[in-house]
Amino acid sequence: MKVTTIGTGYVGLVTGACLAEMGNHVVCLDVNPEKIRVLNEGGIPIHEPGLDSVVARNVAAGRLQFTTDVDAAVNHGTILFIAVGTPPGEDGSADLQYVLAAARSIGQRMTDYKVIVDKSTVPVGTAEKVNAAIREELDKRGATATYSVVSNPEFLKEGAAVDDFMKPDRIVVGSDDEQATLMMRALYAPFTRSHDRLMVMDVKSAEFTKYAANAMLATRISFMNELALLAEKVGADIELVRRGIGSDPRIGYQFLYAGAGYGGSCFPKDVKALVRTGREYGQDLKVLNAVEDANDRQKLVLVDKVVARFGEDLAGKRFAVWGLAFKPNTDDMREAPSLTIIEELTRRGAAIAAYDPVAMSEASKVLSANPGVSFCERAEHALPDADALVIVTEWKEFRTPDFDRIKAELKQPVVFDGRNLYEPTLMKALGIEHHAIGRGTTTRMG
Ligand code: NAD
Ligand code: UDX
């Protein structure tokens, strides 16, 4: 099939590359010429494991192209995915300006039947707005081309995006139109061969499903983070509690890790947008309001622990920070808890020596205005003369570090373990003061 993705970011690029992998002819359009230049020169503008080889293979096979040429891109696809950003507006609602601009650009050019797919995460009712924007543009130029608008939210996770797309848990298609549904079924058939994972529902339910999924996952995390705060007070270990409750299949083990708070380009903005939709309809979403508040507080938990240990005035103190990306296996810094933590520590006068395996370039752009931050090429280079090590993101390379070196290089062996990477008993045996999240006892030496 002929497919176009409008927007070549995390979602558009992964969608385009994976659809090309199944034999479709895909054109990825973006308004950012730099992104398209990098792709056309064989580079990948984001860090996403496995994506480079899928892109290279399909470009070489002539099935995947990148362009800024809107005419050519709209003309190419029979199925057009809108995969542009939907960032939070000032009031927390999803800003639809990019989605509607994409819709208009389609309406201004289309001459034959198209299926227009809302892949971006968009509030209930957006398909109607996309439909109206296209209709208006067609009417303006007296064109009569027919089209269908369907919703097909994306559930991929950064860092595992290619796998998630190639082996989806489910594919949700919101469609009121039989022809469009048949085309979506055909497009996704290669991804659901072992058993049918494609669910067709009405458009509004599909749009709502995406927010419900992210809101549920964010709720689990905030819930565990809140229990972790209490576990510390009562002397329980949240890791043992996690295993204890996760063994119940009704609960399950995933997304129950207490930590330094959730970040990323999705949970924070999608929780906000759903709360905002609730408000619009006179429905106060009390649980989700609390999920957001709890996460705001959680991003400060490591800072509170540092302040409790070293005092409110951190002038003259230096901290090694390991892990800057909002989670491992990505260079995405959007809403990363590290940003809040670094901002709060430097505001109190501390100097930061920061390291991340892949997000340094992104992080240095975002943190360029903060003179208190320096970047280190290797994790251990951040340690010398630091008063403590603060771990914010659980990259694999931090799981088994050289503890002797940590002890030798830090001014005193103090570790703030924001992702519960290390067992408190091991830290105690090693003589390392270990401040974890919700693990009952802090191993404070001396
Ligand atoms: P992104 O910022 O990485 O990419 C969006 C791209 O769209 C940018 O490159 C931008 O230049 C381009 N763009 C904007 N307007 C355009 C236009 N009119 N024509 C062509 N290109 C245009 O965003 P993303 O992370 O890929 O997210 C896209 C959508 O998918 C959002 O709604 C997001 O909530 C949703 N989503 C994201 C993820 C994720 O993990 N990142 C997962 C599921 C869903
Ligand atoms: C999320 C959804 O998982 C995905 O389905 C959706 O399509 C996009 O949003 P993503 O933002 O890429 O994906 O990352 P995810 O793995 O969900 O992690 C989000 C945040 O939650 C990270 O900051 C992570 O550190 C945090 N998290 C996750 C926890 O704090 N504890 C957990 O148990 C799991």
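Cβ coordinates are placed from backbone N, Cα and C, and glycine is handled just like the others.
TrEMBL names PHE155, LEU156, LYS157, GLU158, PHE255, LEU256, TYR257, ALA258, GLY259, GLY263, LYS327 as substrate ligands; from the candidate set LYS114, LYS204, LYS210, LYS396, the record adds LYS210 to that same site.
Checking the candidates THR4, THR78, THR86, THR192 against TrEMBL: the one annotated together with ASP30, LYS35, THR121, GLU158, LYS269, ARG334 at the NAD(+) site is THR86. Per DSSP, the secondary structure of the domain 'UDP-glucose/GDP-mannose dehydrogenase C-terminal' (320-424) breaks down as 33 helix, 19 strand, 53 coil. With respect to ligand 2, the binding-site residues LYS35, ALA258, LYS269 contribute no residue with a C-beta closer than 6 angstroms to one of its atoms.
Ligand 1 lies under 6 Å from the Cβ of ASP30, THR86, THR121, GLU158, CYS266, out of the recorded positions ASP30, THR86, THR121, GLU158, GLY263, CYS266. The recorded positions ALA258, CYS266 differ in how many other CB atoms lie within 10 Å of their CB, and the one with the most is ALA258. For the pair formed by GLU158 (NAD(+) binding site) and CYS266 (active site, nucleophile), distance between Cα atoms is given as 10 Å, rounded to the nearest Å. By a simple count of nearby Cβ atoms, those within 10 Å, the most crowded of the binding-site residues THR86, PHE155, LEU256 is THR86. Around THR121 (NAD(+) binding site), the same-chain residues at least 6 positions away in sequence with a Cβ under 8 Å from its Cβ are THR86, ALA94, PRO153, GLU154, LYS210, TYR211, ASN214, CYS266, ASP270, ALA273.
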